[in-house]
Amino acid sequence: MRGRVFMKFLTALFLIIAFSLFSFTSDLLSLLTGDYIGLTIRRDPDFSDLFIYHDIALHSKFYVITKMGHAFFFLFFTMIMTYMYRMRTAILWAVFLAASSEILQLYTMRSGRIVDMIYDLSGALAGIILIKLISAYSKHVQIVEGNRQKM
């Protein structure tokens, strides 16, 4: 029992650390190309940056891929956390991680944005919908199989 709890903890910790590596590095493009991994701390972030939305660049392949990465991470994070714990716990962790990562990015010379929180939480929502669809399908299959066995 204790080993199982420890493995759950390690899995959740690994997911959060992996997300943090990509979220808090000073320059994401340099991290992805292997040129530079660094952390620059800013002591007085401008929290109004959270509300900037004019830098949405849907025409940029890099922008679209990184935002899809946000959504897919949160989709899988929510599904894994739901499997390991409960859906409510997974949702709370997803909201906490989405909000805290964007706020902390303001301190690391990155662009923390509410728009990014929306991308993150849309991935979490997609994970919840997928879990519900899988659950409904598996219940339907069990009912159909149960009815066949009675015949």
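Sequential numbering from 1, following the chain as shown.
Here the Cβ of each residue, glycine as well, is placed from N, Cα and C on the backbone.
As recorded in TrEMBL, the features of this protein are as follows:
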type	residues	note
DOMAIN	12-134	domain 'VanZ-like'
TRANSMEM	62-83	transmembrane segment
TRANSMEM	90-108	transmembrane segment
TRANSMEM	114-134	transmembrane segment
**Request:** Mind tallying the domain 'VanZ-like' (12-134) by DSSP state, helix then strand then coil?
**Result:** 90 helix, 0 strand, 33 coil
**Prompt:** What mean pLDDT does the predicted model reach across the domain 'VanZ-like' (12-134)?
**Reply:** 85
